[in-house]
Amino acid sequence: MTTSSESTRKGLTKIATNRLQKEFMEWQTNPPAGFKHRVSDNLQRWTIEVKGAPGTLYANETYQLQVEFPEHYPMEAPQVIFQHPAPLHPHVYSNGHICLDVLYGSWSPAMRLSSICLSILSMLSSSSVKQKPKDNDHYLKNCKNGRSPKETRWRYHDDKA
């Protein structure tokens, strides 16, 4: 796994590199249940496989998360989106953006990628319906040219997920 700035858009700070190397080692030895890290040579961009929890609407389904760590991680939250096809869920937009507070305003440097993944699995597991967000089409119209979900001013419509 390389950590040089040549393999990333913006180089990681030393703190970010050390933290990510530690988290990488933890994922290799003890990943959260239902998740698998697809190893690449880019420490700043990870692909995580998510398996739906048994007994839920998403049981036996597999999705891919793309995680991009900013240069000042963990002081700044990573960008986490579902790759296509994203699950049908009231908090997951068709473009893969996820409306989940721990990815934005509720982020804390004490959090790790494993805690984000468990929050996402919990969000999926708690859903009683498979449907797009009510404002999906409006959001997609306003989210053009690859805009980051971190640039969105999220409004959380419920606290059930």
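Keep in mind that glycine also has a Cβ here, set from the backbone N, Cα and C atoms.
Annotated features in TrEMBL:
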DOMAIN    15-161  domain 'UBC core'
ACT_SITE  C99  active site, glycyl thioester intermediate
REGION    132-161  region 'Disordered'
COMPBIAS  148-161  compositional bias 'Basic and acidic residues'
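Every protein chain shown contributes to the tally, and the Cβ of C99 (active site, glycyl thioester intermediate) ends up with 22 other Cβ atoms within 10 Å. The average per-residue pLDDT of the prediction over the domain 'UBC core' (15-161) is 90, rounded to a whole number.
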